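Down below is the structure, laid out as structure tokens.
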């Protein structure tokens with residue numbers, strides 16, 4: 001920024017004065033030393049920011065500009081933190097239910113799934129591999145019916161699923177394999193009107209083969225457990241049954257349809273994929289969590305970018321307050337500028353005074369915005385709860401925000417730095433035109449019209 005500033009100032013002459021006021025001697029030395037702004041330039045720039053009658057308060061123009069920048073920066077930081085938090089929370093819940101990678105057989109059924117799962121768990125970075133039978137089906141109670149995605153999984157593996165572990169709200173998973181019962185989501189249980197111990201029926205089109213074709217199959221099962229993932233869509237969708245029961249019900253005897261894997265670092269799937277495929281040594285369809293949920297995360301990314309652009313425009317509008325404020329300041333200080341010019345100040349010196357005034361406004365507004373925005377973002381859920389309690393509000397109800405019990409926020413350091421530099425850069429750009437107008441002011445014409 002300083003280099004750009006020096007290029008602009010070069011059009012008005014490199015030295016700040018044709019002759020310094022106050023009788024200063026500049027012979028053989030740069031009157032500003034190594035500083036980009038001279039001492040009296042800094043003094044005047046800061047003086048123009050203060051109110052005339054109150055030494056320690058900003059002027060109305062400066063105050064409005066600083067407030068606009070502060071609010072814009074705060075809004076950017078808080079909204080970006082919420083978007084980051086929502087993404088992190090949803091990613092954690094989604095991959096806690098669906099796994100990080102999926103292996104499906106090609107051509108030949110996966111009857112050696114136990115060996116494949118054992119090999120996968122020997123790979124460094126792979127935490128667990130869970131064989132499943134997975135199929136869409138219908139589920140009904142005495143009064144309601146809905147669609148479901150039925151997953152056949154052993155009781156031990158079901159307990160190891162991150163989305164299930166610790167989230168069983170009713171019933172138990174003990175003896176799951178022997179019980180012949182089902183585990184369903186809380187929202188599905190509410191919609192079907194069932195509780196633990198009630199009976200539901202599973203219907204599939206993949207029934208017995210007869211001379212007339214495949215016939216549908218229906219069977220009644222008791223509800224063994226009710227879980228709650230925290231994502232309403234998943235709580236409405238998934239049904240878990242014992243693996244051997246699912247193999248028999250969906251005509252998958254001795255085989256599975258997919259192996260779900262969980263890894264230590266979901267972001268490192270590209271590196272693990274080659275190791276996984278080399279280890280299992282069989283044709284397969286490999287899908288990771290990013291591919292399976294690509295549409296969902298693309299929507300989140302587009303929303304985040306759109307919100308950032310909208311809020312960046314708000315910051316730009318706040319920067320326009322600096323333009324307007326400095327133009328008014330130049331008009332108000334026309335007499336002062338004329339006196340400075342007649343005392344020997346160059347156009348470059350006048351230019352620097354008003355550039356510094358605008359940049360200081362931008363820096364103060366940015367510092368206040370970051371200083372207020374980061375703590376608010378980190379404690380936003382506490383602020384939400386306080387407002388709800390004091391004013392009897394219901395801000396961000398869980399049922400409209402993916403069932404999240406609290407408002408998650410994640411403040412990324414690089415995003416805060418980016419916002420700060422963007423704002424200061426816009427503030428600097430906003431100063432150029434008013435400062436240029438001030439520098440071009442003819443002192444003779446200015447004094448003539450006083």
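Here the Cβ of each residue, glycine as well, is placed from N, Cα and C on the backbone.
In TrEMBL, annotation is done automatically, which means it is predicted and not curated.
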Matching range for TrEMBL feature annotation, transmembrane segment, among 281-305, 306-330: 306-330
Secondary structure composition of the domain 'ABC3 transporter permease C-terminal' (309-443) [DSSP: H/G/I, E/B, coil]: 108 helix, 1 strand, 26 coil
Among 56-83, 350-374, 416-436, stretch most in contact with the transmembrane segment (306-330) (C-beta, under 8 angstroms): 56-83
